[in-house]
DNA sequence: CAGTGAGCGAGCTTCCGCTTGACTT
């Protein structure tokens, strides 16, 4: 089976790995006769959208999914657009080779990539699967000498995973579009990640703080001290008359002492009284307890731990960490950075040990190399731990690196070296001090310290803590050398108040850690998971904290109520078990998918992630059933959250708002809630404030004529100005007075519009004059821009300025012209494409509301994403038209369509605005508005500016 | 969520995981 060295010398072999950087390294190890090239990741995948679905499947009901759910979930694969060139290159290289080695990673995805390569390249020469877990000369040579066969079962497991993710994502996301907001998304990973963040916020909202007090005493030994024997030290009150004093951990999340705990809860008065009663007390050491301390080094980095430490020590976000690591990897400074393994190769262990001896001395080197057992449950261990590359580690100084790359390398280097050093050992000491108060109570204080007698690995590396206030476990704290019975004097005794704090929000790093522990996501995706939930507007960053939006509350609420099993925290872990069974040949992919998608009763495997339903009773409905009948999902209900006092927070298509009372009823109130208001800050009081003064208003001044205040705000149809009528003005009924309102011109923005502008705008419509028949002509600003109106006859104006300047003669001249039927019709076609072979009509490309489209005057078809006005050929035009004709005229609820369109469009604009806002927060505070700035964008930016004038 | 008039082609959004450049801001 294995190729002998004789045959190796003869032919030429093509070795395909996943990463170009890896290809480069391996090339050097294999020498002549081997051509090493990269696949650059996956080369084929399910079609992304309709545009990528091959023509022959278009029109199939399942084409949208890219998986034929009616035929054993047969997937449609297409070569990724950006991989076409690479595939071509691989084909060419293969044509010149006598043997093909598929050397992709040895994990589920790698096996699948190998299989796809085989399917696409269709090799006519012998194919071998070769695997290695570390990139060292020996490992590579051994891998070449010991190839194996492709593991089709493992490929099946990957394909099942892929299909499940597609079905989940592409079936559940549209539910959110219909019930919450367009363009939202749901997925096995992102939805659980979002749920974690939401659930933490719920805990924070429900949290009730508790106040508790204690005393801190500063005690003196009466000796002159030094660093190893300080003369004074601080100790905290730990017990009174033998009863332990309550600390933060004794309180539950409701703000009361946990059940049945006999602790003494001190309030401020009690604490101060006790402090006073201890003022004259003489103290003595009651006990000294010393315990040995031992700490082992941390395992070498894997992706998640690197992200966590880079966040804590260097302040990098997950994405930044991976980008810097990628550069280090590409330039040969470190091993692969997307790994779930903490294993070091033999070479690496030797290199680390050599460096320990050289830098710290043999005393710091353990007798045997240290090994670290995998802690990650679903680890696939295709790579080594992240470490400095090579068989001799370069010290940071030797690398010549600088900036972030230097800092990250140094972190990796230190951690790797430290992982092969001895334990740190020392003592931890607890000293208890006692004294009797003036009123006869026994007060016990306690202090603990730690001395390190041998630093071991700490010489090289100390891990950072998530909570900067928490005392580092590794840090030393020295207490004076006291013994039982020693007299101490209290220099000062102070009463300190404390409050329990709600659980901290997730940070990027802590969320990634949580996901890894729950087996959700993979090393290559952790950073992008954060990116996805940020992009969707499910979370936003406040400092380093990830704060869920109200939108995410609505989405998670819907998913929990109607897709409970899918957002169960164990869903992925359970799926992984099932996939492992498929990989071992103990389960079949198709029945498993059938059960997931079509539900129980459609032949299936027992238990596991294939139970898609919400777990109600015994019936386990399939995903298909859940997304088909949406009548049970009350959109209003899932996006409503009571705030208290009759106020409800709702998540609407245009963002969150608070509301009191029913619409159109007496006392109905409604106000926008800023997109970036942390949900736990929306108290009843805050909601009342918002209702009292709708947010987003720009007060422009007072109309000198009416005396009414004039404000600018963002509305349903974009930014507008309006006057605030005095209290008591009837708003409904016969005598209703409507405030004058007017949309801003396109050239204006909410944050820059002036009172003069507003007054001018509100003076519209302007009467231009009357025509010969005495019909009044007015100039108005409308949805489609400035226009003239005479009865029911309206004509567009070219500029907004004309509204104020156009004369009657000019207006009459416009009306003398025949009416233009729409502005689009007036525009010349962008391109002519000759005559359509079917309709025999001339085909042209036009620019419409939805972008460029081809038309023969009868059938219209929008250009697809890959089409371009400049390069489109007549043939492609005919093809698009033919496709369109085949599909037949799209006739839906034609009447309702316009309103719906406007809504959807608007929502999109706002969505973009949210994004722009988020981007603005992270990036510099430049005015990035630039050319394409929509009105909505400007509005959002304006809101932000208004909210934070300190900038 | 304010309410102002015409005429008109829908198509697409979305998942997770594997990899880098090629793009623009």
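The backbone N, Cα and C atoms fix where each Cβ goes, and this holds for glycine too.
A quick note: this is a predicted structure, and the numbers were derived from the prediction, not measured.
Feature list (source: TrEMBL):
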| type | residues | note |
| --- | --- | --- |
| DOMAIN | A:12-136 | domain 'Toprim' |
| SITE | A:42 | site 'Interaction with DNA' |
| DOMAIN | A:151-606 | domain 'Topo IA-type catalytic' |
| SITE | A:161 | site 'Interaction with DNA' |
| SITE | A:162 | site 'Interaction with DNA' |
| SITE | A:165 | site 'Interaction with DNA' |
| SITE | A:170 | site 'Interaction with DNA' |
| SITE | A:177 | site 'Interaction with DNA' |
| ACT_SITE | A:336 | active site, O-(5'-phospho-DNA)-tyrosine intermediate |
| SITE | A:338 | site 'Interaction with DNA' |
| SITE | A:536 | site 'Interaction with DNA' |
| REGION | A:659-678 | region 'Disordered' |
| COMPBIAS | A:659-673 | compositional bias 'Basic and acidic residues' |
| REGION | A:821-951 | region 'Disordered' |
| COMPBIAS | A:876-886 | compositional bias 'Basic and acidic residues' |
| COMPBIAS | A:887-913 | compositional bias 'Basic residues' |
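This view paints the features noted in TrEMBL onto the structure.
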residue: A:42; record: site 'Interaction with DNA'; Cβ within 10 Å: 18
residue: A:161; record: site 'Interaction with DNA'; Cβ within 10 Å: 21
residue: A:162; record: site 'Interaction with DNA'; Cβ within 10 Å: 20
residue: A:165; record: site 'Interaction with DNA'; Cβ within 10 Å: 15
residue: A:170; record: site 'Interaction with DNA'; Cβ within 10 Å: 19
residue: A:177; record: site 'Interaction with DNA'; Cβ within 10 Å: 14
residue: A:336; record: active site, O-(5'-phospho-DNA)-tyrosine intermediate; Cβ within 10 Å: 25
residue: A:338; record: site 'Interaction with DNA'; Cβ within 10 Å: 21
residue: A:536; record: site 'Interaction with DNA'; Cβ within 10 Å: 23
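Rounded to a whole number, the C-alpha distance linking residue A:170 (site 'Interaction with DNA') with residue A:177 (site 'Interaction with DNA') is 11 angstrom. Across the domain 'Toprim' (A:12-136), the model assigns an average pLDDT of 95.
The recorded sites recorded for this entry are A:161, A:162, A:536, and the Cα of A:162 lies nearest to that of residue A:42 (site 'Interaction with DNA').
Using DSSP to sort the residues of the region 'Disordered' (A:659-678) gives these counts of helix, strand and coil: 0 helix, 6 strand, 14 coil. Taking the C-alpha atom of residue A:162 (site 'Interaction with DNA') as reference, the shortest distance to any of the recorded positions A:177, A:336, A:338, A:536 belongs to A:338. Rounded to the nearest whole angstrom, the C-alpha distance between residue A:165 (site 'Interaction with DNA') and residue A:336 (active site, O-(5'-phospho-DNA)-tyrosine intermediate) is 26.
Reported as a whole number, the C-alpha separation between residue A:161 (site 'Interaction with DNA') and residue A:338 (site 'Interaction with DNA') equals 20 Å. Distance noted between the C-alpha atoms of residue A:336 (active site, O-(5'-phospho-DNA)-tyrosine intermediate) and residue A:177 (site 'Interaction with DNA') is 39 Å. Residue A:177 (site 'Interaction with DNA') sits 12 Å from residue A:536 (site 'Interaction with DNA'), taking the Cα positions as reference. Residue A:536 (site 'Interaction with DNA') sits 25 Å from residue A:338 (site 'Interaction with DNA'), taking the CA atoms of both as reference points.
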